[in-house]
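Down below is the structure, laid out as structure tokens.
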């Protein structure tokens, strides 16, 4: 009988020894991830036996097994104890659900809301413990930010401030960048970038003292050019770069910075169809006549319909995002980036590794597929469509007025 090659035997003994130690410490996640890791190691073993000399095969297998078991280790969590966390944008969505979870875990939660009598604020006041404090704050108003900073400093003297969750976000328009008013870009930057910047800088003395955490909710739209999200995506790209800068600069102070890049989720603001309809009508009412003539009302109606259709694929369970925020606050070694949601791995692979044309087609198929603006449609008087636009297979003819209505 053929003997088992010694590199395989030695490597599997090392893997088994480490797995046993992790099991004794209850530090190994069982289930399908473990089975998948073992299957991959077995396949790697087969390849190493045929392609590598025994010493190299032993080294590769042992290293792969060590890395796999490290990835399967249960994440070490810090105790909650009396830690205090400030969360912005708790009227609804991720902020509200995160505030509820952290309060149930024993955190002292300072939750900011736009309105103290909003439905989300009333829900938090009803279902959470007396430890949770609601604070009114509009990130576009420096006076509100100053008041929250003073309150936080005064009410965390005994516990210190462990974490800041920059969750509040803002988007007004889903349209081409040329169609989006400059005021929309400014308002997105005010909330998503400057508001987070001012609040973070104001709380850094407390966070440096506690060697705490900064968690910011970003968006994949800040990493890749989502169609019709120019204002929102630009602000999210800016805040992501800012947080990466903070991450490097605050490392000597022991402050860890994480960014959450969630997929498409059905938060209250996203699924409010009436709100998006009002914003579309406001955009049409204020659009310069020249742009309205060039693009056409049907074009904007088409974008709006595509956007609402894409929301049907959004996830209604916000738990993955809440869990990511919680892990960033309590993990002994939090990640720099979290990507909760479905399909993000494929999206980022396509964005980083495939040609630009394929990236553009994928984003249009996934989110919003453009039609031709009115001025580029065949038969329009006085207009000759550019050659590249006429030949672009991603652009479909504009919908007829009957379909748009």
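Just so it is clear, glycine is given a Cβ too, placed from its N, Cα and C backbone atoms.
Swiss-Prot assigns the feature region 'Essential for protein stability' to one of the listed ranges (330-334, 335-339, 340-344, 345-349), namely 335-339. Using residue 232 (active site, proton acceptor) as the reference Cα, a 10 A cut-off selects 219 from the binding-site residues 90, 94, 219. In this view, residue 94 (NAD(+) binding site) is surrounded by 25 other Cβ atoms within 10 Å of its Cβ, with every protein chain counted. Annotation for the binding-site residues 82, 98, 219: lowest Cβ count within 10 Å of the residue's own Cβ, 82. A count of other CB atoms within 10 A of each Cβ picks out 90 as the most crowded of the binding-site residues 86, 90, 102, 110. Look at residue 110 (NAD(+) binding site): DSSP puts it in a strand.
Residue counts of the region 'Essential for protein stability' (335-339) by helix, strand and coil are 0 helix, 2 strand, 3 coil (DSSP-based).
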